[in-house]
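Visitor: Got these off Swiss-Prot a minute ago, pasting:
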type	residues	note
CARBOHYD	Asn113	N-linked glycosylation site
CARBOHYD	Asn480	N-linked glycosylation site
REGION	199-306	region 'Disordered'
REGION	522-626	region 'Disordered'
TOPO_DOM	1-67	topological domain 'Cytoplasmic'
TOPO_DOM	87-626	topological domain 'Extracellular'
ZN_FING	590-607	zinc finger
Amino acid sequence: LGDVPGTSGAIFVARPESNYPDRFGLFGAPPLEEGYVILVGDGRLKRFPPPSEFLLSVWSRSRAARPVCCSIVLCCFCLTVFLYLSENMGQTATTPLSLTLDHWKDVERTAHNQSVEVRKRRWVTFCSAEWPTFNVGWPRDGTFNPDIITQVKIKVFSPGPHGHPDQVPYIVTWEALAVDPPPWVKPFVHPKPPLLLPPSAPSLPPEPPLSTPPQSSLYPALTSPLNTKPRPQVLPDSGGPLIDLLTEDPPPYRDPGPPSPDGKGDSGEVAPTEGAPDSSPMVSRLRGRREPPVADSTTSQAFPLRLGGNGQFQYWPFSSSDLYNWKNNNPSFSEDPGKLTALIESVLLTHQPTWDDCQQLLGTLLTGEEKQRVLLEARKAVRGEDGRPTQLPNDINDAFPLERPDWDYNTQRGRNHLVHYRQLLLAGLQNAGRSPTNLAKVKGITQGPNESPSAFLERLKEAYRRYTPYDPEDPGQETNVSMSFIWQSAPDIGRKLERLEDLKNKTLGDLVREAEKIFNKRETPEEREERVRRETEEKEERRRAEDERREKERDRRRHREMSKLLATVVSGQRQDRQGGERRRPQLDHDQCAYCKEKGHWARDCPKKPRGPRGPRPQASLLTLDD
């Protein structure tokens, strides 16, 4: 070792380990070798601190090292948390409820298409806490099974205290997601099992049903046949039970007859076999909407009564979502009876509802008191054989019964009863919607600033129908309506209509046309703003010119007064000078100042009186006290 550079003069001493009890190895561990050799130094062994003591000393001595140490510790902590969360999230199972929460924007869009609004917190509460208590098989994590959704929907739409109106938007939205699933729902939707039919339907026994028909709470519904070319019609068994959608007994409507023995229907297709009925009338109705339309005698599948392929009427109940939308998108009967009457009239004419459907429609859209008033007015409208309103209870109960009648809609007599019942119901709605006469309400209808005359006239006529017993379309009331139209129009239109020539011979249509011309010639808001600005500028200019004119007139008057004053002063001074000169005329050197004669002076004037001079009058001075 003496040849090693830099070690000349060093003392090399070999000492055993036992002589240095304070020697430590790495991290304070004892050394592994038996001994060691000190190459450089005085032979003393220095004790080096462990890494923990080194870090603490660096932390206390170096200020710059503190942020570095904190950053390292924070990075290690974040990395550990990230790895832990990634591992746990990867193990979380996806459920229908969590799927809807992850795609909440799509759920809100679906609810908006159904004309309803949903909230995320209530969505989670109903799905995980409320609907599992209905005992229909709803899991706490949700499901897209149409059968379970339909059962929950029936519970929600139950009438009376057992219903849940606040949950209607949520179950309707959930049903819409299952019926028309978005791409992220399709993997979770239960596929429909294919309907297997034997080649010869009459000779083989029917297939077992897929599920038992649930106990529902609306009205009975007979599933309609699905008439497509590849598959024959599937009608419910003629001996099977009807599905009850309310807690009441089913109406005595006749079941559809069995298929013809020859296996041919009216349209020449293969005779239907006894297939498995749908699990719910709502599911069958929605399924019928999703599939292609049937090529038979009818084109609508939404009517309660429609003609099936076998020549018999099929019953389709109202959709609960339709009833919900009708109720929430229209004013109440007390608020606007005309609008709700028009809605019910269109439903009665197009949907051809049965007696039970009419009761369901009235119970949904009207309150209890409104419904009783409508039924009372409808029974008053029943006419006897002489064509006048009758008071016979039997005739009234036959035409407009309050209990479920035995009317078969598959017979002409039953359909005639239903048509007459709908007409009486419509008359009751119209009579019950008439309010007591209140002309003040009619006078309170005025034309808005931007309302067209035609729209204003419609509102005015509606007020006449609602608050008066008069018909505004009656020619005898045209004069009253015309006067109201003129007086209650906008001020500019009313003034010009009052100045029309031959006003008394003008019809209401002529007045409306003139009002439309005046309305269309109105200036736009931009033109009105420009006109107001221009008028303001002109008014300001006129005011400024008037102020200048008044100032000039004031200056001119002041100048005139000053001129008069100066002229007066100058003339007074001139008069004073002229008066002084007259009092003291210039005398010659030999002229008498007393008699103005020449030849002597005033003291020698013979004309001057002689005698003692009287005392001079003393001038009195005024003091401040005087």
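For all residues, glycine too, the Cβ spot is worked out from N, Cα and C.
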Visitor: What is the number of residues in the zinc finger (590-607) that are helix, strand and coil, as DSSP sees it?
Guide: 3 helix, 2 strand, 13 coil
Visitor: Round to the nearest Å and give the CA-to-CA distance linking Asn113 (N-linked glycosylation site) with Asn480 (N-linked glycosylation site).
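Guide: Between the alpha carbons of Asn113 (N-linked glycosylation site) and Asn480 (N-linked glycosylation site) there are 45 Å.
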Visitor: Please list, in sequence order, the residues in the chain of Asn480 (N-linked glycosylation site) that are at least six apart in sequence and whose C-beta is under 8 Å away from its C-beta.
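Guide: Spatial neighbours, sequence-distant, of Asn480 (N-linked glycosylation site): Tyr470.
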Visitor: Mind looking up the mean pLDDT for the topological domain 'Cytoplasmic' (1-67) in the predicted model?
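Guide: Mean model confidence (pLDDT) across the topological domain 'Cytoplasmic' (1-67) is 53.
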Visitor: I'd like the Cβ neighbour count for Asn113 (N-linked glycosylation site), meaning other Cβ atoms within 10 Å of its Cβ, all protein chains included.
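Guide: Taking every protein chain into account, the count is 11.
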Visitor: Specify the secondary structure state of Asn113 (N-linked glycosylation site) as given by DSSP, simplified to three classes.
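Guide: Asn113 (N-linked glycosylation site) sits in a helix per DSSP.
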